[in-house]
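What TrEMBL records for this protein:
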DOMAIN    B:465-530  domain 'CBS'
SIGNAL    B:1-17  signal peptide
TRANSMEM  B:36-57  transmembrane segment
TRANSMEM  B:138-157  transmembrane segment
TRANSMEM  B:190-211  transmembrane segment
TRANSMEM  B:223-243  transmembrane segment
TRANSMEM  B:263-288  transmembrane segment
TRANSMEM  B:295-312  transmembrane segment
Number of protein chains: 2
Amino acid sequence: MVLMDLFLSSSLCGAAAGPGIPEIKAYLNGIDTPNMFGATTLIVKIFGSIGAVAAGLDLGKEGPLVHIGSCIASLLGQGGPDNYRLKWRWLRYFNNDRDRRDIITCGASSGVCAAFRAPVGGVLFALEEVATWWRSALLWRTFFSTAVVVVVLRAFIEICNSGKCGLFGRGGLIMFDVSDVTVSYHAIDIIPVIIIGILGGVLGSLYNYLLHKVLRLYNLINQTITFGIAVPSGLFLPIILMGSAYGRLLGVVMGSYTNIDQGLYAVLGAASLMAGSMRMTVSLCVIFLELTNNLLLLPITMIVLLIAKTVGDSFNPSIYEIILHLKGLPFLDANPEPWMRNLTVGELADAKSPVVTLCGVEKVSRIVDVLKNTTYNGFPVVDEDVVSPVGQATVATELHGLILRAHLVQVLKKKWFLQERRRTEEWEVREKFTWVELAEREGKIEEVAVTRDEMEMYVDLHPLTNTTPYTVVESMSVAKAMVLFRQVGLRHLLIVPKYQAAGVSPVVGILTRQNLRAYNILTAFPHLAGSNCREKRN
Amino acid sequence: MVLMDLFLSSSLCGAAAGPGIPEIKAYLNGIDTPNMFGATTLIVKIFGSIGAVAAGLDLGKEGPLVHIGSCIASLLGQGGPDNYRLKWRWLRYFNNDRDRRDIITCGASSGVCAAFRAPVGGVLFALEEVATWWRSALLWRTFFSTAVVVVVLRAFIEICNSGKCGLFGRGGLIMFDVSDVTVSYHAIDIIPVIIIGILGGVLGSLYNYLLHKVLRLYNLINQTITFGIAVPSGLFLPIILMGSAYGRLLGVVMGSYTNIDQGLYAVLGAASLMAGSMRMTVSLCVIFLELTNNLLLLPITMIVLLIAKTVGDSFNPSIYEIILHLKGLPFLDANPEPWMRNLTVGELADAKSPVVTLCGVEKVSRIVDVLKNTTYNGFPVVDEDVVSPVGQATVATELHGLILRAHLVQVLKKKWFLQERRRTEEWEVREKFTWVELAEREGKIEEVAVTRDEMEMYVDLHPLTNTTPYTVVESMSVAKAMVLFRQVGLRHLLIVPKYQAAGVSPVVGILTRQNLRAYNILTAFPHLAGSNCREKRN
């Protein structure tokens, strides 16, 4: 029990030091996490984790390695650190959210692969835990990254055969090879296996509960910047050690009742505690398989993982979700709550402050005003008084698209103003702005100085507007809008009216990730909390 | 070479007999494939595949087993065969496309697991090849299904230890255990490994090419119903056998240059031909791992798979895509073509025949007319002459939602007519129609008889309308609409106008899977074929 106390306290301290896997997960979910993938972070993580492991702390190395992998991927994708960026043409392929997220997912899977020498486990970890959406091309891209990692590892192990590389490469490519151990179990052994799974699930959720309490306490005492001690660390190793200790203890207690080896109890204990705390299944199964190289363990490992996950899920959320919540990151859950079916996006938009739209050709003073007095990151662009498409003399309004705050700030910075109210062409904007500038997400209105004369000028927003934003009709349920938001990986979702009439605005609202979070919706609509779904719709 | 000829011909004949994995893939992509998962199909597949394997044909068993698994899953999800359906309340949870697809994906992964005793490989096969969209809950659900399969298999193997079960269970849980074989390879061996991969890719795509030609020829000669001979069969085994033969031949030829074992050449040859033909990576890697139980093979297997896939992809599409294409199933590709960025959904809708909308309370004669004269499966429901939401005395139109053809046919069959033009309540429709009837997709207008008097009556479509269909604005590019269509798994997508004015219809078009297929778009817009993308947008 002394052993378990030690592990518990050490992992509680080190668990959430600085940004790590939860932040990468948040980034891939579409949340802007500033300074996550810089060159400085990379260097700190590399030396920090070497130092931490060398100092003998009970810390995992997969957390820092995942972060290091993601940093390298991000730096490669943007052409180097901020100040020394290369501007090769092919780099523009990473100048959109989707491809940037893909390359960072590849980096994260390479990190897990390097930590456990588990290439398939790394791919699955990235898909099951880190990435929040998925397409089949991503699968073989992450697989390719981990293949490269494993070949490089293998080559280094061969070079280091002489023994000059310290502890690296001891034991070959498999870290804890138990393929020589004869595993034998029978139908009757299902009972202890189920017990391990249930206890692992209970202990795992207890661990999550305690971690939550300790981190909150720590956060109250120590208002600096981060939780925990500032040491790069991962959760895997402490949990594996605790789990093995628990499993072996259980094995000693139950020794006379079964004929399962005590070592096997330790492996299953580690697996059950991992699943009970992290709630992963397939990736943990493959990582254990790749760590132990014994395929005969597979059936019982699967049962233990599934039972522990199910038991744990009935108590509290997974450890990564708890940390995300504690850090206040607006992570969007995978599944909408049942009561979200009872609320339309139109009702949700009505409860917010009214939508701020800009005209296609807008006055500078209004842009400055809007940027200073709102915090929105995107604004619908609406053209008024255009000729009606049905050809009659009636007046129509047109939804032109969505413009980003960052682009508006760029326009003000570069003083791309017009003396009169007129339209410009798309090539004009391309002469003025490079694709690097347009891909920038940062830029503050406070840094911009606009003279009184300039305030009276105009800006043509048309060429800078994204003319194809995703939209939903106001009668759409929040639940379905959320599925769209997450599946397609959006930042803004425009709400269009279901009515067609003169005088109706072509956009009635705008939804962001924050608006779709269950907690925020319940603040505005507290009566929904207990309501059931009216009807399950297709 | 005689061996190779034999395999080639046998697999060519048996490759595409009747519905199989491609149809399951199509179903999960959202395509209606009639009579795929009936009780009759199940029985035919079970006895057919036992007969085929017992007769000594060179056929794989994974195809039939995947289909059998999917059939069982589908029957469980709907409460039994069509005529003897149970009507338990919990079954209604499967009465929507999403959950029905999920349970069939679980069935497919169980089939692969049963065929190769590869639980993790089964999960990954279902995700990489069969399912066309994915969410994290699906991952552990498929994992749970395969865990059950592997435990049942394991229990049967134990029961059959006495040797009374024929060939079943020989060799234990691992089918081709090579964990005792000492695998040794060095950095220099990368060269033969690369050669195996490249040749495997070339041969795999050649195999696809020949299969395509033979199946087309067969289709021309034999206009019955299906291609090939009507024997349930899979592609894995013939390709593995051919690949092993090719690999060993290569090993014999190159024997003097490397120190890789000839058996290892056979394994790598099989892997390379599989990847060259089927273009899967992660799932093949895990299936090979689970078949051979030797983790040291992992790095070189990964390299071979990736090289063979890349080489194969440069020649032609994967074998499943070829079969899908030959069978004329409107499968939606994973990635939009670059030229799809240059076309808006509004332009696409204009090129089609105009959209057919129904009123909220519609005359029976018009419903009959529309159902008889169009083939659409969904119709937008529009309310005209409602009071404008801006409160002025102007007239507005309102997009109420989308109604399915099947529901309209049900209404006509049950003669749920009104004497006058009025609104009804949702509970009235629930009294009249059961959820089983509303979940039915079949039903033909030709089977319905409506009298002359009834033709003059009305139907209130409001309670039967899906009020929250997904929509896109007409300025959305086809590429982005397609991403939405596929990621969210849709059947219909409504196009709403970007203009707001009196007299504009609130819906300007409707898109289905067929409209979004590259071939169909190019028929209407041939000039797009060669065009590049104007600009890569986020």
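Glycine too: its Cβ is placed from the backbone N, Cα and C atoms.
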Should anything in the same chain at least six residues away from the transmembrane segment (B:138-157) have a Cβ under 8 Å from its Cβ atoms, list it; otherwise answer none.
102, 105-107, 109-110, 113-114, 117, 119-120, 122-123, 126-127, 131, 165, 168-169, 172-173
Along the domain 'CBS' (B:465-530), what average pLDDT does this model show?
85
Who are the long-range neighbours of the transmembrane segment (B:190-211) in its own chain, taking Cβ under 8 Å and residues 6 or more past its ends?
8, 11-12, 15, 239, 242-243, 246-247, 250, 254, 257-258, 260, 265, 268-269, 271-278, 300, 303-312, 315-319, 322
May I have the DSSP-based helix, strand and coil counts for the residues of the domain 'CBS' (B:465-530)?
24 helix, 16 strand, 26 coil
